[in-house]
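Trainee: A single structure is presented below for examination.
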Amino acid sequence: EATRLLTERQIKKHCNCRHIHGRTRHGHSRRDCIARVQRFLVTRLGEDWIFLVLLGITMALVSWTMDYASAKSLQAYKWIHGELRGNIPLQYLAWVSYPLLFVLFSSLFCHLVSPQAIGSGIPELKTILRGVVLKEYLTVKAFIAKVIGLTAALGSGMPVGKEGPFVHIASICAAVLSRFMSIFSGVYQNPYCYTDILTVGCAVGVGCCFGTPLGGVLFSIEVTSTYFAVRNYWRGYFAATFSAFIFRVLSVFNKDAVTITALFRTNFLTGKFKQRQIRLVFPAVVTLVIATLTFPPGFGQFMAGELMPRECINSLFDNFTWTKISGSPTPVGLGRSAAWVHPDVNVFVILLLFFLMKFWMSAVATTMPIPSGAFMPVFILGAAFGRLVGEIMATLFPHGIVFDSILYRIIPGGYAVIGAAALTGAVTHTVSTAVICFELTGQISHILPMMVAVILANMVAQGLQPSLYDSIIQVKKLPYLPELGFGHMSQYNIFVEDIMVRKVKFVSLQSTYREVKLLLDSSSLKSIPLVDSKDSMILLGSIDRLELLALCDWWLSPERRLLMQVRTGQGPPCWLVFSVLPKDFTALAIVNFFHVDLSLWCLGINIQLLLSSTPPPKSSISLSTVSYTKSQILVLLFSLAVSLADRKSCIKAWEEAEMDKPMEIDEIRVDPSPFQLVERTSLHKTHTLFSLLGLSHAYVTSIGKLVGVVALKEVGNFICAGLFKYTQLSEVFAHLSRL
């Protein structure tokens, strides 16, 4: 694309033709029309409001459609199981084969359409928001694969979540909408605005996934952003609230909910072929094992295996105390919670088995090559553990706890809510899960114990290991900047000069095309510094790799060689090349035309036009009915060009001569202000700047001279190695040795 744009610029520069002017006038009128539409929309509605409303509506429709499709799939799953009641072999076959087909379809579809759709997506978004470019993660193909694959995975009944993949889906939607909005406003092409757009997309993803706009915005800030721009608060809240509202209205319209308030409403009383085969075998084996263990007439009856994920949450949050029900007639209104009560097994055993089995099942299921999240499985695990603690407390204190002459009843469902918030907060290292639980359940009566539990869980978890998403980043070896931590004063005594790369590859104003080509072939740098000269090393800016590649391709291209022949008078007349030929003829086709098949096209043109050295009037250019023989035209063309036998050698000599010429900097775009650091910038300040601005690299200068470069990789490796912890001690030993 860059080569094509550069070629068009060069053709317009060297050949000022009538059809190009006509096209320019037509382009001007089209741009004026777009500008008028842009001014009308921006002045009447505002560009931000249009983008946020479109994003909210789109994600609400996508979320509701996915929930509707997956819910119908699970209903069909339960219906098939119920219709085959009494025939255990057929029941087992249907119970195992149904999710197996959905999981295999999801895995195969993602591998064929977009492998980047596999997994959660939040770790990759954290990496992208840190300034790292990950290809194909924010494309329409990834969006399609993620939506269809996630819908199939949710419809299979496997213990996988929706939250992580849906955040990725919302971010893709925000990125695609920003490209559409860039037609009306160029501000959306700004890379810094692009980061803000992805942040808003993350907030909409969480808010629309559960209908929790407040918790969604806070959760997206905690999970994806090290530093959050306050200017994005209102964008995130508006888009997430609008999207969640539309989502809840659609649920009520489809009779999936009674009101537009809470999703899980509670009413607690106050008080490659081989590779492809392997990729399909693993999810097939995992699905087969999980479905076999959860088969309701088998082992699944001892762990509420017949309940789907949403049914698990609703039953774990109910108001009944199951230890009081066990061994007595089933009360009216127990509903799906009856799966937790077994006539021969204690409730504590069922809850404990459920927690232990679902723990490893969820861990293994989230590693399958399908779109899958971990938030909902962890949420269910926390609710089960909290319910277990609540049932124990209800057994120990059957009449409640008396404090200050007030009787407080034990409600196991409240413990389940607190356990769900605490475990998800510990796994993700966030505090906003408490707010999400408030919005999910519609209850704030347990706000104090829930906040205490979430904070304590975070304190313990952060001291033991990184968060789930940071662990995935480390496993996938994605470029990421770890935290410095507190208590290490030596981070202020380490400077950029201690970790920078001193052997910097650069180009200068005197660099030849041969040197630039050798530099591009020997390195994979995305941007290359530009200096004044090799002696002064004054940093002038940086050049994108694609610009240099396009320049080198253009410099030796057949299009430029033809233009140079026209300018020097060694080739066909310029008017013949750019006026007589059709308007839709590209420069490359012109070259092929002249050297291969020009005679076939020229058979209908008056022969005197070809012999003229100046362009004739437009009226004199006409097609002749006289048919000239092919040999006559070939003789004429042979007199206008070099012989075909010497053509290759002439081209080779021309290319060798052109490669030794100095590079034309005026032909390419140069970034005049790349990010720079001085040698004595501390590690703490460097880490802060890289995290705050999302930098991938920075040039190190001394009085304007380029002395090194430091990249995200060097800073991350230095911190991971823990070298800054021992620098202060080494300085003490060095000082003692000098004494």
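Cβ from N, Cα, C; glycine included.
Annotations in TrEMBL come from automatic prediction, not curation.
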Trainee: Pick from 417-440, 441-464, 633-656: which range does TrEMBL record as transmembrane segment?
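Mentor: Here TrEMBL associates transmembrane segment with the stretch 417-440.
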Trainee: Would you kindly list the residues that approach the transmembrane segment (197-221) from elsewhere in its chain, counting only those six or more residues past its ends and only Cβ-Cβ distances under 8 Å?
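Mentor: Non-local partners: 51-52, 55-56, 59-60, 63, 125, 128-129, 138, 162-163, 166-175, 178, 188, 228-229, 232-233, 235-237, 239-241, 243-244, 247-248, 251, 262-263, 428, 430-433, 435-440.
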Trainee: Report, as numbers and ranges, every residue of the chain located at least six residues beyond the transmembrane segment (345-366) whose Cβ falls under 8 Å of a Cβ in that stretch; write 'none' if there are none.
Mentor: 120, 158-161, 286, 290, 293, 302-304, 322-323, 326, 372-374, 377-378, 380-381, 384-385, 387-388, 391-392
Trainee: Okay, the transmembrane segment (417-440) and the transmembrane segment (92-114): do they have at least three CB pairs under 8 Å, pairs separated by 6 or more?
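Mentor: Contact criterion not met.
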Trainee: Sort out the residues at least 6 away from either end of the transmembrane segment (280-299), same chain, that have Cβ-Cβ distances under 8 Å to it, and list them.
Mentor: 81, 88, 91-92, 95-96, 99-100, 103-104, 107-108, 156, 158-159, 305-306, 357, 361, 364-365, 368-370
Trainee: By a Cβ-Cβ criterion of under 8 Å, what residues six or more beyond either terminus of the transmembrane segment (233-253) are in contact with it?
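Mentor: Sequence-distant neighbours of the transmembrane segment (233-253): 48, 52-53, 55-57, 59-61, 63-64, 67, 196, 199-200, 203-204, 206-208, 211-214, 216-217, 220-221, 259-261.
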